[in-house]
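Asks: Have a look at this one.
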Amino acid sequence: MRQFLRRLAAPGAPRRRLQAALQRNASHVSAQCDRSQCRRIKRALAQRCASSITALDEQRLAALPVEKTVTFSIVAHVDHGKSSLAQRLLEMYGNIASTDAVGQSALDTLDVERERGITVKAVTASMLVGEYLVNLVDTPGHADFAHEVRRSLGACDGALLLVDASQGIEAQTLKVAAAARAAGVPLVCAASKIDLPTADAVEVALELAALEFTKDPEDVLYVSAKSGDGVDGVMPAIIDAFKQPADDRRARPTRCRVLDGRYDITRGVVAVIQCVDGSLREGDRIAFLGGDGKEHTVQELGLLTPAHHRTGFLNAGCVGYLVAGLRDVRQARVGDTLCLATERDRLEPVDPLPPATQPGLFASVFPPDGGLFDEMSRAVDRLALNDASVTVRREAKARPTLGAGLRLGFLGLLHMDVFRQRLRDEFGAEVLFTSPTVPYKVRWKDGNVTTLEALDDWPDAAQLSREVSDILEPVVDIEVVTPREHVGACLEHLETARAQQTGIESTLDGRSIIACAAPWASVVDGLGERLAHASRGHATLAVDELPRYEAADVAKVDVLLNGEPVEALAFAARSADARDRGRRAVEKLRRHVPRQLFECIIQARVNGAVVARARIAPLRKDVLTTGGSKAVLGKDRKKKLLEKQKRGKARQKTIGKVALGQDALWAVVGS
Ligand SMILES: Nc1nc2c(ncn2[C@@H]2O[C@H](COP(=O)(O)OP(=O)(O)OP(=O)(O)O)[C@@H](O)[C@H]2O)c(=O)[nH]1
């Protein structure tokens, strides 16, 4: 049944059968698959039904000159309405059926996006607007996914900058606008959510002009995805601003750039590609420039609407999907250029996409059972294909209690948490994540500087006193945008986070922009949430992606169970806070470690000294009771049994392993 449903959900399946299957099979789907498989299959079926109503005129598309194509990204601060506006545009141009609901976008297809109500992946949808083919890219707003925005901007003719008219310009608005400027991408600005009673679109337009994001405040569009007001003016403005001059790109040798990809269990790598020059057809033999030299046959090509709409060809200016029987995820990396196999020796790669941002946070992952390392590794590689900013490296050495693992690099805590959830949702991989750590460095007294890839490599107490000159920590530039009345509260939190203020400016609409240099560890430790809380949700934080290193007074906190350090639980903290944080970690862990038959001692250790201790008493087994009733035992026999139990417990205490679940590990993270 599952196979049958997968076939139905695949592109090319007839619409009538799909709709009938969707209605008939809902209960079978539920019966045969687990919750997340079931949701995915039903969604794929529903999308296929919806995508078949798309009125893409393939003959017109085949003849479409490149100057009649436009690619643009929607960029904004988190929750300013990007996905909702994209949804309305898809409805307006017939890609999907109309709905009255705002907030659940057809472009947010991942379980994690729907559950959390945020976009984590940039998604492309192409639509026919008059005589133009417009490729829209909906990008995430959260800072942890800023690499998706930069990658999308690298492949766009322009960007639509949205600003929530009731919130005004926020920290991430400044960040994405700066990224667009750096990439040389022109902007069209729009004030969104103008239906809200607190909206002040004119104020937003003036502010956008003051910041030189638009030349004239009158050029700013006013839109509401909820009421639909102003949405019909968006595409004409986009086409007008971003249309490209006529050129001969269609006639040049074919070159396509890989923008994204995901692994499909039946079809292998499904790559999102942008046809930059020439055209590509199903059946063509292709090769990757600078790749492994292998040739592949194009099996399936089409547009993303956002569902797969198979066209059999892609011409210059189109963004679409490609299936070419690639089984190894390393064969089609984001940014790679592919061309016709016969032309590979005479072509240069397309301009590179912005490189993936350096990870700012590392964690190790281990399979729950050491033997499943290969399966875990494959799942991580396949998911990393869909998230180019994650770095994956095999741990240099196997950990004593956890076995072989992978060291993963992330851009922030949310990024890491989303990756963990996607591993489970999309690949069924339950893995153990260690406490995340920022990459510290050690400056030794002999002048050498080494990077601490993992907390395991942290110098011990003796080395610290004799050989280490400084521990260096990453520091980043941050900007906090807040209404003026909350500046005091924000500054207090910034001081607690050891942020050094470097400047403060006022905006036209009565807000302040505070610039600081802050330890990256404080930023990933929830500084953004604390600032938002202190300002009743008004303050927003944007972070510069490139850290520099400065000397810091930090120490490693080890957590021990029955005298054994648990590598997964070690973390670094400011020396002044290490004792407190160690105590909190022990307290939290005490609540998560199940009682065992033997005594369990939890300790926190800083620089070799124990700073906190908790004891979990053993479960008491009544060895004098057999089969539920108390046997009549002689005094000597009782004594013997109790002594035997005592010896057993002592042995268990030394060899007994306390099984720790991921919830216990997560409880300690951020203690
Ligand atoms: N009143 C009103 N609410 C809107 C409008 N557009 C979006 N919203 C609401 O604003 C919230 C965020 O909307 P999204 O479209 O998910 O915002 P986003 O910018 O795509 O969010 P991220 O991708 O996570 O950054 C949702 O609760 C929407 O229902 C609008 O025009 N009017």
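Placement of Cβ uses the backbone N, Cα and C atoms for every residue, glycine included.
Per TrEMBL, GTP binding site is recorded for ALA76, HIS77, VAL78, ASP79, HIS80, GLY81, LYS82, SER83, ASP138, THR139, PRO140, GLY141, HIS142. Summarising the annotation, TrEMBL assigns domain 'Tr-type G' to 67-246.
Provide an account of the burial state, proximal residues and distances for the features listed.
Replies: LYS82 (GTP binding site) falls within a helical segment according to DSSP.
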Asks: Cβ within 8 Å of the GTP site's Cβ centroid: which residues qualify beyond ALA76, HIS77, VAL78, ASP79, HIS80, GLY81, LYS82, SER83, ASP138, THR139, PRO140, GLY141, HIS142?
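Replies: So the extra residues in range turn out to be ILE74, VAL75, THR119, LEU162.
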Asks: Let me know the largest Cα to Cα distance in Å among the GTP-binding residues ALA76, HIS77, VAL78, ASP79, HIS80, GLY81, LYS82, SER83, ASP138, THR139, PRO140, GLY141, HIS142, as an integer.
Replies: 13
Asks: Under DSSP, is PRO140 (GTP binding site) part of a helix or a strand, or is it coil?
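Replies: DSSP call for PRO140 (GTP binding site): coil, neither helix nor strand.
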Asks: Which is it, of HIS80, HIS142: the one of these binding-site residues whose Cβ has the most other Cβ atoms within 10 Å?
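Replies: Counting every other Cβ within 10 Å of each candidate, the maximum falls on HIS80.
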Asks: Radius 10 Å, atoms counted are CB only; among the binding-site residues ALA76, VAL78, which position scores highest?
Replies: ALA76
Asks: Averaged over the domain 'Tr-type G' (67-246), what pLDDT does the predicted model reach?
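Replies: The average pLDDT of the model in the domain 'Tr-type G' (67-246) works out to 87.
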